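What Swiss-Prot records for this protein:
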type: SIGNAL; residues: 1-20; note: signal peptide
type: CARBOHYD; residues: 72; note: N-linked glycosylation site
type: CARBOHYD; residues: 140; note: N-linked glycosylation site
type: CARBOHYD; residues: 241; note: N-linked glycosylation site
type: DISULFID; residues: 309-318; note: disulfide bond
type: DISULFID; residues: 317-380; note: disulfide bond
type: DISULFID; residues: 346-411; note: disulfide bond
type: DISULFID; residues: 350-413; note: disulfide bond
């Protein structure tokens, strides 16, 4: 009686586990490509937080040079990052996740010895410039895992608007008059009159560049989303030809008098209160001893990337080329740049060495009966993905966005779920025999 109850419980539990396993059914290549294209359509709209493509408007005759400049510099940054990773054979991500990180704080140096603030004569109404000296960390440049820029937004009761969208840019060294002068990093919508708060931005790529090329450290620029007009974040509405000043105020950057009203005693008290809120960088680095202890001669698996897959005819799991033309494949005209991109996808068989546990005929039979569409073998899935930068229009307004995980660069065979299923089956079976 006890054994029957246990068997029923085992079957119910295995049914639940099997049904929860991801399926990996075989598809012909044409069908797979069609599904991949539709998945990309959904991905782009979802990442842009759109429920449907924007309405089609006539394409602008000429995109403003400053917009093209930001798009090109952001795109080039991603390409440089990919090239560095490929050329340097970066350490496996598992090392970065496993080892403890050493954290370093680098404060923004004061503009003047007596007061870390911009005096009225240097006041810039539309943007702020922030610089850091990271030269002390250059010797550990290869150990950098992450860098964050943190700045404290102060309450500004004098603000004329309740909220603004501020953007962070890396200032670039101009090679000539046509080269870009800044590179977009990130943006945030802030409440100008609300209580103060810390704002954090991921600036890993910028700091990595500074550590390797000291002459490129020109700092960051905090500016408005649309300084030549007025941008309303709540409804994304733009009022043209009405310049908007940066109403957000930042500790250690803006002079106390620009956001505080009152006598000298009040101003001094406010300055003291914000003295420990200087803009700073937080650098997270792998400790040197952790790197030295690693075995440098570990055998690495062959990468199933373009370098291997595109020059070999493979039936097994490999990277497959797929170019998406936005107009032809998706019927979209609202993405201005690029016209398309190499999305790629993973497909092919994954040879599997069956263990004695998983080879058990009863295990296979039960697994296939419970979920006939599930694959007992590993699936060919993406391993490395890269972002895509797009320049698109909503109405007549140009926007630049970076979409994460849009380009498949390499593939792998996922670990089979059948092994876990078999272990669960045998553990319950052994429990039943003991009973």
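Cβ atoms are placed via backbone N, Cα and C, with glycine included.
Within 10 Å of residue 413 (disulfide bond), as judged by C-alpha distances, the recorded positions found are 317; the full candidate list was 72, 140, 309, 317.
Of all the Cβ atoms in the protein chains shown, 20 others lie within 10 Å of the Cβ of residue 413 (disulfide bond).
Of all the Cβ atoms in the protein chains shown, 23 others lie within 10 Å of the Cβ of residue 346 (disulfide bond). Here the Cα atom of residue 317 (disulfide bond) is found 6 Å from that of residue 350 (disulfide bond). Here the candidates are the recorded positions 72, 140, 309, 318, 350, and by Cα distance the one nearest residue 411 (disulfide bond) turns out to be 318. With residue 140 (N-linked glycosylation site) as the anchor, the candidate recorded positions are 72, 346, 380, and the one with the nearest CA is 72. Distance between Cα atoms for residue 318 (disulfide bond) and residue 346 (disulfide bond): 6 Å, as a whole number.
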